[in-house]
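Undergrad: Just passing along the structure, written as structure tokens.
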Amino acid sequence: FTDLFFVTNTIPNMLVNLQSQNKAISYAGCLTKLYFLVSLVTLDNLILAVMAYDRYVAICCPLHYVTAMSPGLCVLLLSLGWGLSVLYGLLLTLLMTRVTFCGPREIHYLFCEMYVLLRLACSNTHIIHTVLVATGCFIFLTPLGFMTTSYVRIVRTILQMPSASKKYKTFSTCASHLGVVSLFYGTLAMVYLQPLHTYSMKDSVATVMYAVVTP
């Protein structure tokens, strides 16, 4: 459902813009799309961390899996993910309402995105950019560190297995998740771990990678 909402927020409007002569979007519509983009990319990030923990328990503590990943814990983790995502999206969207725009208001990108709007602003965006980087580092790098720790332990457990076929079978269950994590965080880092003034069209392509290809 998260991935379905994610692509529904970006792809239909993007396809319409590619075919239509009128590519205008209202201010409220742009902020609404920004809110869902931020919320859903945050939720995707947190769900990837929960999936890494699930893989860790299944491979490293298989006899305790049923109790360690109880339905109640799964519901709690997903609820926390949804709650944090909604609040984080609301925080950044409310900060964007304090930005003023002047001059040309043409977005030379595929959809409304944080750095794109900040580049169009004529008011001081230093505080908002600082908040974006600081909160982003916490809410994205913390789960990434959690995933890295989980996979270090998973690899250690796999290497201790005596059978080569069992090693391959166990690691293959993690391959798709590792691929998504690499693509997701690689493109996120490419876009947001840079100064605002260096943001360009090539970074918009990277945005499409995490907002469209990954889901």
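Think of each number as a place in line: the chain as shown, counted from 1.
Placed from the backbone N, Cα and C atoms, the Cβ positions cover glycine too.
Pasting the feature list from TrEMBL:
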type     : residues : note
DOMAIN   : 1-215    : domain 'G-protein coupled receptors family 1 profile'
TRANSMEM : 34-53    : transmembrane segment
TRANSMEM : 65-91    : transmembrane segment
TRANSMEM : 127-152  : transmembrane segment
TRANSMEM : 173-193  : transmembrane segment
Undergrad: Count, for each of 34-53, 65-91, 173-193, the Cβ pairs lying under 8 Å from the transmembrane segment (127-152), and report the range with the highest count.
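TA: Stretch with the highest Cβ contact count: 34-53.
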Undergrad: Would you kindly list the residues that approach the transmembrane segment (173-193) from elsewhere in its chain, counting only those six or more residues past its ends and only Cβ-Cβ distances under 8 Å?
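TA: 41, 44-45, 48, 51-52, 55, 58-59, 115, 132-133, 136, 140, 144, 147, 151, 154, 199, 203, 206-207, 209-210, 213-214.
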Undergrad: Looking at the domain 'G-protein coupled receptors family 1 profile' (1-215) alone, can you tell me the average pLDDT?
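TA: Mean pLDDT, the domain 'G-protein coupled receptors family 1 profile' (1-215): 84.
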